[in-house]
Every structure is written in structure tokens, then in C-alpha cells.
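Written below as C-alpha cells is the structure these notes are about.
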Amino acid sequence: MKIVLVLYDAGKHAADEEKLYGCTENKLGIANWLKDQGHELITTSDKEGETSELDKHIPDADIIITTPFHPAYITKERLDKAKNLKLVVVAGVGSDHIDLDYINQTGKKISVLEVTGSNVVSVAEHVVMTMLVLVRNFVPAHEQIINHDWEVAAIAKDAYDIEGKTIATIGAGRIGYRVLERLLPFNPKELLYYDYQALPKEAEEKVGARRVENIEELVAQADIVTVNAPLHAGTKGLINKELLSKFKKGAWLVNTARGAICVAEDVAAALESGQLRGYGGDVWFPQPAPKDHPWRDMRNKYGAGNAMTPHYSGTTLDAQTRYAEGTKNILESFFTGKFDYRPQDIILLNGEYVTKAYGKHDKK
């Protein structure tokens, strides 16, 4: 079978660390395994435009492997060219860069799987870290030291504690719930969550979280809001000018879910106006982020409030080990014809939705 693997280039960094599996040089650690079984592996980082390496190989690819960190956007146009495509594997978590509805509604017998759970702890830790970076005003403090400066007042005037704050998560699934667990030791005033379904009673009681069923009511109460929801038709552009106007003035917003959940220009304007005190995360749209993306340079009135990074929260070396192994397990199940996938990994099975996290579920 022909397998197309789309990853980022790591250059010298791949030689520095052999466990940097998620790059073109190290190929998820599966290149020799695939070769030994007689499969053809094409590995590339070139994924944009009709002349890209990805587009060159799509027509006869049996399997495409992609990641959320350097996503191969599997669009309607590309799917129409992919006459042999049987399986798409996301090495990581998040299949929003694949046109799942088009696969489902056109009857294409393509399965889409991801390595569920492979990086939930990694992302949850990053969320809490980003909250601390924003609330404690860490970035400009560190920049002072790098620039050989020392002006405590300039930092302290915009630095706060997490203790005593009301913190809300939009989404309380695998990542969102772990964020709530990790926030408990900080002694927040209250933990809130917004989700389409309530947590089990025992799970709510464990973290002391309260469900708020109206998102405008949720953000109006919160000092800190974190987005931990998948990207789909219902969440794309959810954090826009209108919803931001409902936030408590001077709130902090953290988004490690997907960049397109937020309207980039609206977030930047809210930060610059003071409606938001800070915004941080690691997800952008598109990815890699253009050099002129408004989130690169936005600041609050004190020249702070920006805690953006490249998309790496879910691709720590520990996470890469997990999603590389999970990808291999999915492929092995496919090659042997057992198709005994972990149920939580299946997004589409032969074109039919298995998960409730994505899709319209209205095949015509």
C-alpha cells in the first residue's frame, strides 16, 4: 500500500533528539516497520497548494497520516482526487482539518481515526501553564531580564494570583476535565464549565465544578476562561466580537483547542481595548501561522498580555511517544484486516460517523 505521511521538518533538531518522532526525519519511528512489510512510504512537509508533494501523491494514496501540529488539510477537492484512499490517521488528537462531513455525506468508504488520549495530559498542563504565564505577567518580566533591565513596578502593576479567581472551561471532556483537576490546588473561588452534556455527578463533585448552560452567562462570571472544545460547525468562530463583549472586563482567555474557534481580529481588538487583559495558547489558523497574523504582535495597554506559542502543547516528547505508538497500532489493525480499533479512536468508520464530537450526522 502507498502511505503518505505529512509532518513538519525538524532539521538539526531531529538529530538532537531521536524521540522527536513527529518530524519528517524520524517518520513517527515507523519507516522501517512499513518497509519490512512491503509498503511504500512517502514522507513530506510540503502540503500547501495544488503543486505540493501532498497533492502529487494523493491520487494513488491508500493511507494518509497527518497531525494537528502540521495539518494536512484534507479538503473536498483533495478527497475528490483521492480515488484509492481508505484510511486517514491523525497522529495526535483533533480531526477538524479533515472534511469529515463531505466523506460522510458522499458515501466515501474512508475511515478516519485519531490517537485519542495520547496528549490530553500534555495539553492540560499547557493550559495551566499559560494561565500562570498570563495572570502572573511572566512574559514581560522575563523579557526585562533578557534585555538586561530591572523594573519591578512595570511588571507588578499587571500581575495577579490565580487563587480566589473564578475560572471557566468551555468544554469539559478529556482535556477540560483534567484542567479542572489541576486547578483545584490553586484554591480558585469557583470552577465553572460549559458543555453540551453534564458531567457525571461524582465527577462534578470531585472537582467542585458547577455547570453553566448558557455560554454568555458563563463568560460573564469568569476571571479566566479556557477553551477545551473540538472545532466543528458549532464552535467555529464561537469566540467573536459579540461574545467577547459579554466577558468580564479584563478577563484572561486561554485557547489550546483550535485557533479557528476564535475570530483572530476580534481577539486582538479585545486585548488592545482592555476587554481582555490577556490571551494565550498555541493554536492558530492556518498553521503554520502567517508572519502577519494579528496574534503575533498584539498587546494590552501595558505592552503585555500575549502568551502565544507555536502549536506544541500536545507534542511533547512524552506525547510523541504515545501518538507514534498509537498510530502504529491503528495501522497494524488495518493491515491485518482485524479492524479491532480502540472505539474511542474512531471518528469515521467506512464513511459513517462513530463519534458525537464531530459532524452533522445527517447523511442525505
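The backbone N, Cα and C atoms fix where each Cβ goes, and this holds for glycine too.
Annotated NAD(+)-binding residues in Swiss-Prot are R174, I175, D195, P230, L231, H232, A233, G234, T256, H311, Y312, S313, G314, and among D282, D340, D345 the one listed with them is D282. The most densely surrounded of the recorded positions R174, R258 is R258 (count of other Cβ atoms within 10 A of its Cβ). Between the CA atoms of R174 (NAD(+) binding site) and N119 (substrate binding site) there is a gap of 10 Å, rounded to the nearest whole number. Counting every protein chain shown, the number of other Cβ atoms lying within 10 Å of the Cβ of S313 (NAD(+) binding site) is 25. Taking CA atoms as the reference points, T256 (NAD(+) binding site) and N119 (substrate binding site) are 12 Å apart. Closest in space to R258 (site 'Important for catalytic activity'), of the binding-site residues given as V93, D195, L231, A233, S313, is L231, taking the CA atom of each residue.
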